[in-house]
Each structure stands twice: as C-alpha cells, then as structure tokens.
Number of protein chains: 2
Amino acid sequence: MDLWFSEYHQDGVKLSINVEKEVYSEHSEYQHIAVLESKEYGRILALDGELITTEKDESFYSEMVVHVPLNTKADIKSVLVIGGLDGGVLTELEKYPTIESIDVVELDQRAVEVCQEYLPQSKLAFQDERVNLYIQDALKFVRRKENAYDLIIVDSANPFGLNESLFTREFYGNCYNALTDEGILINQHANGFYQEDVTALRHISDRLKAVFPVNTAYFTSVPSYAAGYLLVGFSSKGITPEESTGLAGQFDIQTQYYNDQIHRGAFYLPNYIKEMLTSET
Amino acid sequence: MDLWFSEYHQDGVKLSINVEKEVYSEHSEYQHIAVLESKEYGRILALDGELITTEKDESFYSEMVVHVPLNTKADIKSVLVIGGLDGGVLTELEKYPTIESIDVVELDQRAVEVCQEYLPQSKLAFQDERVNLYIQDALKFVRRKENAYDLIIVDSANPFGLNESLFTREFYGNCYNALTDEGILINQHANGFYQEDVTALRHISDRLKAVFPVNTAYFTSVPSYAAGYLLVGFSSKGITPEESTGLAGQFDIQTQYYNDQIHRGAFYLPNYIKEMLTSET
C-alpha cells in the first residue's frame, strides 16, 4: 500500500511523508490523535492532522527550547511546561540535576495516554519523580500561579484552533505573574516565511511586547516543520540571552543539535525576520 | 485545474507546490527544463524535475553564497560562476563595484536562453558588462585556468546526474589551480539530514579535504530545498571566514537574508552536522 501523510504548510504548499502504517488513531474529546510509523522520520505524532513531532528531528526542537534558557544566566529550579505530552522537552529538562520540579499542564488526558503508550520517550519522561502532570486548561492553571516558576515553556502546536488561548495577551500576562523576577518565557513563534505564519508571528510578537520588557526570538532548523525552521520566542522581565553559561557542558549533557556556539548564533536572524520582529503591525 | 509540482527530497518525503501554470517546458540536448508559476513561491525553475530556484526564496541562497566570501578578508576582483543561469548569484555579485570580471560557465545553451526569457532577473543579470558567458563543459573550462580567480562559486544543483563531474576530486584540484593564493571556492554541500544527502555531503567533504587545506561549511535556510536548508562549502588555500569585513555595508548593499551577524552565525553548526564534517568516511 502506498500511504502518504500530507501536511499543508500553506494553502498551496504541502510536505508529504510516506507512512508504513498508522499505528494508532482516535478522536478524543478534544482532537484527532494519530501515531504514524514512517521509514524516513520514524514515529510521527499528529494532532488534528498537524505534524507535532517526529522521532527524527524532534530533538532539534526540544533541545533548543530547553538548553537555550537553561544556559542563560538565570538559575532555573522550577519549570512549567504547557503541552509537552510527547516527552521531548521533558527529556531535555531532566538532564539538569539543578531542576527541582517540572509541572506539566495538558488539556487532553487521552493525548497523554496515547503518547505514553506509543512514544517510548514520552513514557520514560513522565517517570522522573520531579514531574507533576496536571490535566487542566492551561489558561486557568497559569492564572492561579504567582512568582512560582523560573521558566515556562509553551510547548504547543501552531496558534490556531485548540491552542489559540495560549497566544493571547491575557495568557502572556498570566505567565508574567507566574514567573519569578529572573524568569523566562519560551514559546513558539511559527516561522517568518509563509504569509499565514508571518501574520501569526506579528500578532504573537505584538502581544508579548505589551506584557514583557525583554522580547527576542531565535532560530532552530526543524526539517519536518513548515519552511524547515521554527522561531522560538524568548521573553523575560529583564534577563537577556547572550553567551551560553556552559551549564550543559558542566553536566556533560549530550545533544544532537545544541551547542554553545548555536546558543549565540541562533539569535543572529536573517534581515527579513529581524524586520518583522521590530516592525509595528 | 488542481496542478501540483512535487519534488522528492528523499524516497519517502516530498514537497509539493501548487502551480498556477506551466509557463514553459522543453527537453534540451542535456535535460528537461521547466518554468512554473505558483502563488506561494512565484516563478520556479526546475531542471530534470529538480527544483533549482524559486522567486520567493532564491535570495536566501544567492546572498549567502556571494556575500559570505565577498565579506571575507580576500580582496575579490575576478570571479568564476559555474552554473548560475537563473541570475540570482550574478545579481548579488554585481552589487560590488570592486569586482572587475565575472566569468559564467554553463553547459546547456538552451537553459540559459530559457532563463533569460522567462526569469526577469536572469536577463538583467547577464547584461552587466563585467559578465562573460561561456557555453562549455565546466570541468574542461577550469582545467585550462591557472591563478586566474579570486573566487569560484559552483552554483550547481545536487551532486547527481548531469552535475556529477562538479563533485569529483579532479574538479576540485582544477579549481585549486584556477584560484589565486587568497582565492576561495564556494560550493554546495547538500544538507546533512536525509540519508542520501548525508552520503553526498561526506563524499564532497572528503574530496575537498584531499585538495584544500582549509575546508569549512556554513548554513543557510532555504525553505523550498530538502530539509529546508543547505550547507555551503567554503574552501581555500589559507583564508578563513570569521568576522565579516563589513564590505557589503560600505556599499550600502540591501539584502533580505545576509547581515554581518549571519555571516558569523552561519558557521556555528549543529552538533550532528559538525560530526559529519569532521568524521572520516
């Protein structure tokens, strides 16, 4: 059987991956959940038809959203991950013995269960005793927190549909309050290439600027994502990224993508992206 | 009509772009040449079914293969471009008044003619009086040159089929002889992500190391290319890249992608690519 999973990166652009089999699929209360097996990308998680993560390149994303803030000046002990059900981000966080607690908030219990059953990394990641899972609406969860986290990672899909509330000014304001003074908010900014993503990027950037004094973004290559890359937003109350502190090296943390040079270079953005991030909409 | 142009990035992975119309196509003596019009990527040039360049992201490639060497210490006056029929690389080169001559070698006269007719940038680029076009086999052309060029840019497609001779040790040796002492060879290294490209990358890297004392590679994001990025090889007899000299800024050269930070940051490669470039095959 010649089976292809196609994801539209834009109306007239799609990436298709040949699939050996659909390992699992269901319609949960919230969304369609699918786990696919492919030769080129390994196991793939798709939610509502959108590619969330693949075995082959998930570390390019997970390492960059974790090691960049962890190797910034801030002394990070308490972390909140919103989403993160596939376990990639948790796996990277757990490499730091300096982290004391990791709260994970996810809306869809079934999605968590499916990931734990079909993605080996997810099962392992949730076994770390520092991890506390909350099946809740993230907006409501964050609203109740104050001065509680040194790092919040919004490990969500694109800012459409189910995840829209995670890209609002209200949500960012709640994150601000939930963070400590030296806290960092990491969230995905889509790419700056296709028109739909450019519009999303500008909205996210404007809303963050209305809440946080420090806002920047950095680049990571993720071949299975639209345009082959993702911009990751870095917001804080004062902390700036700059040079790596080398903490990952101190703990001899092994990475496929991240290193101290990439830490710095990821913030050097192409002109067309810099212009988008600085221009008013 | 629902018309799609699909390019296989690997056996089980393809990128498809919705096409408004096929503007032109022919089988020349050497290859199939097609010009397509698309909403999302603008005009597309495909040779033997392989996407060569698109209006939307060609500058990400062209700027990086030109401005990186031009903003390196070397004083570049004489340039050889192998391929380059779409005009993107020529356009960027021509922005430097310090360049005195640009030789362009292309095998397929028809491909040049089609580009000049259907890609506005190509027509304009070949009108610059510093440009001399040679319709010849590049391997033979370079063999006769000695100490003639400060910069050689191999602006070719992937190292398969028609272009295979441009990725041999013999060709690289000829380039070495054709370059001045401070000369630089720029050539495309594919990506380091899909298996077929990894194999190609390792072969190219090994062959270059057998000829040039200085070999490195840098990253550029090109969304329409396989894996969404390209590695560009930088080889020389002694010159190393490092910081930008700022020459582009002196001439107030406008760019969509390149800037002085990107010049430096593009050489900061992810671990998995660094390992490929340094390991022996």
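Every residue gets a Cβ built from N, Cα and C, even glycine.
What TrEMBL lists as active site, proton acceptor is A:D155. Other Cβ atoms within 10 Å of the Cβ of A:D155 (active site, proton acceptor), summed over all protein chains shown, number 26.
Annotated S-methyl-5'-thioadenosine binding site per TrEMBL: A:Q31, A:E106, A:D137, A:A138, in sequence order. When secondary structure is read from DSSP and collapsed to three states, A:E106 (S-methyl-5'-thioadenosine binding site) falls in the strand class.
What TrEMBL lists as spermidine binding site is A:D86, A:D155, A:S156, A:A157, A:N158. Under the three-state DSSP scheme, A:S156 (spermidine binding site) falls in the coil class.
Looking just at the domain 'PABS' (A:2-237), the mean pLDDT is 94. As annotated by TrEMBL, domain 'PABS' applies to A:2-237.
A:D86 (spermidine binding site) falls outside any helix or strand according to DSSP and counts as coil.
Annotation: A:E106 carries the greatest number of neighbouring Cβ atoms among the binding-site residues A:E106, A:D137 [cut-off 10 Å, Cβ to Cβ]. Between the alpha carbons (Cα) of A:D86 (spermidine binding site) and A:E106 (S-methyl-5'-thioadenosine binding site) lies a span of roughly 11 Å.
Site extent for S-methyl-5'-thioadenosine: among the recorded binding residues A:Q31, A:E106, A:D137, A:A138, the largest C-alpha separation is 16 Å.
DSSP assigns A:Q31 (S-methyl-5'-thioadenosine binding site) to coil, not to a helix or a strand.
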